[in-house]
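What Swiss-Prot says about this one:
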BINDING   Cys60, Cys62, Cys75, Cys78  Zn(2+) 1 binding site
BINDING   Asp449, Asp451, Asp453  Mg(2+) binding site
BINDING   Cys821, Cys895, Cys902, Cys905  Zn(2+) 2 binding site
Amino acid sequence: MIDVNKFESMQIGLASPNKIRSWSYGEVKKPETINYRTLKPEKDGLFDERIFGPTKDWSCACGKYKGVRYRGIVCDRCGVEVTSSKVRRERMGHIELAAPVTHIWYFKGIPSRMGLVLDISPKLLEEVIYFAAYIVIDPGDTDLEPKQLLTEAEYREQKAKYGNRFEAKMGAEAIRELLKKVDLDKEVKDLKKELQTATGQKRTRAIRRLDILDTFKNSGNKPEWMVMDAVPVIPPDLRPMVQLEGGRFATSDLNDLYRRVINRNNRLKRLLDLNAPNIIVQNEKRMLQEAVDALIDNGRRGRPVVGPGNRPLKSLSHMLKGKQGRFRQNLLGKRVDYSGRSVIDVSPKLKFYQCGVPRPMALELFKPFVMHELVKRGIASNIKNAKRKIDSEDDDIWDVLEDVIKERPVLLNRAPTLHRLSIQAFEPVLVPGKSIRLHPLACEAYNADFDGDQMAIHVPLSDEAVAESRLLMLAAHHILAPKDGKPIVTPSQDIVLGNYWLTQAERGREGEGMIFSSPAEATVAYENGDIHYHTIIGMSADAMPKKPWPQGHEHGIFITTYGKLVFNQLFPDDYFYINEPTEENLNNPLDAKYFLGEGQDIHDKIDEVGDDLIATPFKSSFLSDSIATIYKYYKVQRTSEYLDDLKKLGYTSSTTSGITIGMNDVPEIKDKDEKVAKARKQVDIVSKQFRRGLITEQERHDRVISIWNACKDEIQNEIAQIHSPRNPISIMADSGARGNISNFTQLAGMRGLMATPNGGLFEIPVTSNFKEGLSVLELFMSTHGARKGMTDTALKTAQSGYLTRRLVDVAQDVIIRDDDCGTDRGITVSAIMEGDEMIEPLFDRLVGRFTAETVKDPKTGEAIVGRDVMMDENMAHKICDAGVTHVKIRSILTCDTPHGVCRKCYGMNLATGEEVEVGEAVGTVAAQSIGEPGTQLTLRTFHNGGVAGAEDITQGLPRVQELFEARNPKGRATISEVDGVIDSIQENPADHTREITVKGKIDTRSYSVPYTASVAVSEGDYVHRGDKLTLGSVDPKELIQVTDTLTTEKYILAEVQKAYRMQGVDIADKHVEVLTRQMLQKVRVLDPGETDILPGEVMDIGQFRDRNKEVIISGGIPATAQSVILGITKAALETNSFLSAASFQETTRVLTDASIRGKNDPLLGLKENVIIGKIIPAGTGMPVYRNMEPEADVKKPDSVYSIGDIEKQMKEKEQSK
């Protein structure tokens, strides 16, 4: 076999008949498969051992030669070579056809490739190929035209008239002769001449013909190879025949299709030998043509060939296409060994990097390792004995298993795998039972819960795989989410509840005002019952000497609660003491107001700051912030420890607290009935107004809805006031552990208005609450909304999954390729606004990006941050606080790295908080970050609350799809094509339009907009090109024609951010930038100049520059081109890799085109390397790392965590050389 890791690229082309014969190990002459009695393959049949190799390893068919020692001998009796039976997966045969046939892909595809080469319409071509008409091949000296079609009658007439002075034929034979006659050089020359004058349809057709003829000329393929003399027969193990119980056989459809071809071929041969009448031979040739068509692509032309039960047979094309095809089923993803799956449940005792694996499962997964160890320790005498011990679950094996699994991480995966955190590595711990145990903090990343979810487990086998799992994939390292750099391991439920309760303060608890010299002393007091967790106490700062205290208070006494003291012991010794859950306290020493003044009585101080302590228990959002802060200062390992301690303390405290909820915790509302009655009265008044014709139906509906909403809000506000902070339900809601005020309202107040199936609201509200119970009608009304919720979710999941797939496909080859592309371009960013609403603040857009120029203070002119510096949170805060509104940053959109991005333009890797490393697959991460929250977006197109005149604005998932697919948006805005002043806005009542005139310096443009559109400008306003004249969404295709690429990219970026942030989903700009850049990688050539590019050709921006460079160097005229924007589906199909495109969609079309062009796949992306089984060119698969040589006397580096350190050492070594 060839070693895939050795070759650089892969080329596809047309196979010549001789090539097909050279692949073959022999001709298949008979349609037989296997003998029904002996079940052995028939000679010369589709499974012949002489052609395809032996069915048994190292044994010929007749049994004369058995054993490896005869390897390579061809048996003199049966003619079978003695070799491994695996060759039956790779050896091909062929069928010699008695008449040539055309290949349906090249005749039937759109555009028809044969039709273009011969300049004949596909319809006429079909008549010739299927023997309905003759085509003139050589008119000789007659008055016939070359390539003229003649019916049977016309042909006879001309034959009678001219005899043999002309030549006309039918079928694939005729086509082949015509293709042979095509003079590519001459045709190309003529077409180029024609292009100079042609216009319209003629020009388009000429360009298409030129394209394909040029392709044939340059690729080394010959046009006549589109017609076949011999059909390859694929290896028998790829179209197997298996025996079922009961002696029947199941066979691959391909065998049926091959048998039809062979039968018809043999019949044709016989007819030709017998000199049968022409009409019979022609009919047989047509049937042979149809049989080969069905074999290659069944159903492409005419009715598909069906098997038993009228099921269309699966042809060669179908074996490649779709989710079940070769590409997606077997090449991009395979079933793997050493894996298992089971239900998951929670285990709070595990460390963050551990998972529990059931004993029987671990034994099966690590079987070979256990067997090896048993033999090594002498517990078993040989492997067979060891296997027996394991199968009988001997007592000796468990200790060995414990030792074997140490230091060997396993991977856990939960479907759907939406982002890279859905597969993480854990160290296995043996547990009883049959379920896999998961750490509660890992749930968030997996989106797992324990209501029956299942997970798959995989064992990395090679040393490299183990090392990567350990260093890069261990769960303890995945603290930050790649999509926004915020912690993904946020504590939830019990942990939040426990820590909230622990950090509450209460006046008048036992032991209030006691002062302690150390935390240990306080603990003794608690255990003796002298103080409670909620007691406000004094504590000596001397007890924690390493902590930073406010100046002058290093030896003072500060006020805190015992619970907060316990909580603070989770933090590192040298970290601030946290008394208040604020950003300020997380980054600075404790506020001096909590320290006792000299000679001040502690009770006075408690009166002073007690309320501040009572108001500040630690909520869920604060716990998340604290994780981020600890990560910022102390990095991975310490944060991981903090998380485990936080979990432990939370669970312990929520147990100690004894918080439960009962029916009596739901408060009663006294005047609910009065409020409802008042609302009913208002509704009656509105109905009366409607009946009198004072208001419209729409107004009546809107008013009724708003009356009931107001009523519900009133009740909700009352609930918020009456529930006490010590009510268990309030504690749960307030801490962020579970539930919120609206759940509360439904329990104690009223449920309010329900959704109708079509997305509106019922006017009749549900006035009952769950405590009172609903009436039958109310219950029935609530079911509509519930059902709609379920169906929406199901639809949304599919939509979102497909979006993710397209995103991954378009961005999979974006990898960090080098350190710095050296560009001096960048983009200027400012806060994204929608009207007066802040969508994304400037701060979020700066963190983790490199500056493209020095940022100066607008007041003093001093430099705040220099050029080419990666901004961290502190720098970003400084910039924003100084009042800077626009900052120029390095951006992926302006990066000059071919086939990827450089480190400087990308900036920080959000998952680690460090600068991104070379080899990081940022394209895939970007696609996952945008696709994963897709399920949280709405499916609906929102309307502007029924306000007339405002257009419907698409939001949520449909809007994201609309942007990434570059579709014409719903509610499209008219944009200005010139810079200038709004000269006039005139109404035109006759045709219900308004005329907006923009007067520019050079020309004046008028735009006619409908009455219903909201005009966004007024007379005298100055507008730039691309500015909106009416409200709505801009069509990016229009925008790119009026402005430039960068403006369009920035527009898409801002709009995608709006769609996500409106739904409360934060995604970093850089992910959207990666995808936007992929949509604008192509240009359309307007004028080819003196290059050999065709006009109108769409090509890669990099290739275009290279071609122009060559021409300019040789002193010619360069080509000009215009950027085009492609939707992600189109962009994924237009990629330079035919393997990646074929495995995405439209497989046959992609392969047809690629083979004619003789395309060369440079194997730069991830997919194409996965398909051919080569290591992917990302991370340690980058050539830089693959070609490393180990050194003998190397010292162990201090930090073996990051590839970056190793890189640095390599560089230092090179420089010292």
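Backbone N, Cα and C atoms are what each Cβ position is placed from, and that goes for glycine too.
A map of Swiss-Prot features onto the structure.
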| residue | record | Cβ contacts under 8 Å, 6 or more apart |
| --- | --- | --- |
| Cys60 | Zn(2+) 1 binding site | Glu49, Pro54, Lys66, Cys75, Arg77, Cys78, Val80, Glu81, Val82 |
| Cys62 | Zn(2+) 1 binding site | Cys75, Arg77, Cys78, Val80 |
| Asp451 | Mg(2+) binding site | none |
| Asp453 | Mg(2+) binding site | Val343, Ile344, Arg414 |
| Cys821 | Zn(2+) 2 binding site | Cys895, Asp896, Thr897, Cys902, Lys904, Cys905 |
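In terms of local Cβ density within 10 Å, Cys905 ranks first among the binding-site residues Cys78, Cys905. Take the mean position of the Cβ atoms of Cys821, Cys895, Cys902, Cys905, the recorded Zn(2+) 2 site; other residues of that chain with a Cβ within 8 Å of it are Asp818, Asp820, Thr823, Arg890, Ile892, Thr894, Asp896, Thr897, Val901, Arg903, Lys904, Tyr906. Asp453 (Mg(2+) binding site) falls within neither a helix nor a strand when secondary structure is assigned with DSSP, and so counts as coil. Long-range Cβ neighbours of Asp449 (Mg(2+) binding site) (same chain, at least 6 residues apart, Cβ-Cβ under 8 Å): Cys443. The 10 Å shell around the Cβ of Cys895 (Zn(2+) 2 binding site) contains 25 further Cβ atoms across the protein chains shown.
For the Mg(2+) site, the Cβ centre of Asp449, Asp451, Asp453 serves as reference, and the other residues of the chain with Cβ at most 8 Å from it are Ile344, Ala448, Phe450, Gly452. There are 20 other CB atoms within 10 A of the CB of Cys75 (Zn(2+) 1 binding site), with all protein chains counted. The Cβ neighbour count for Cys902 (Zn(2+) 2 binding site), using a 10 Å radius over every protein chain in view, is 21. For the Zn(2+) 1 site, the Cβ centre of Cys60, Cys62, Cys75, Cys78 serves as reference, and the other residues of the chain with Cβ at most 8 Å from it are Ala61, Gly63, Lys64, Tyr65, Asp76, Arg77, Gly79, Val80. In this structure, Cys905 (Zn(2+) 2 binding site) is part of a helix by DSSP.
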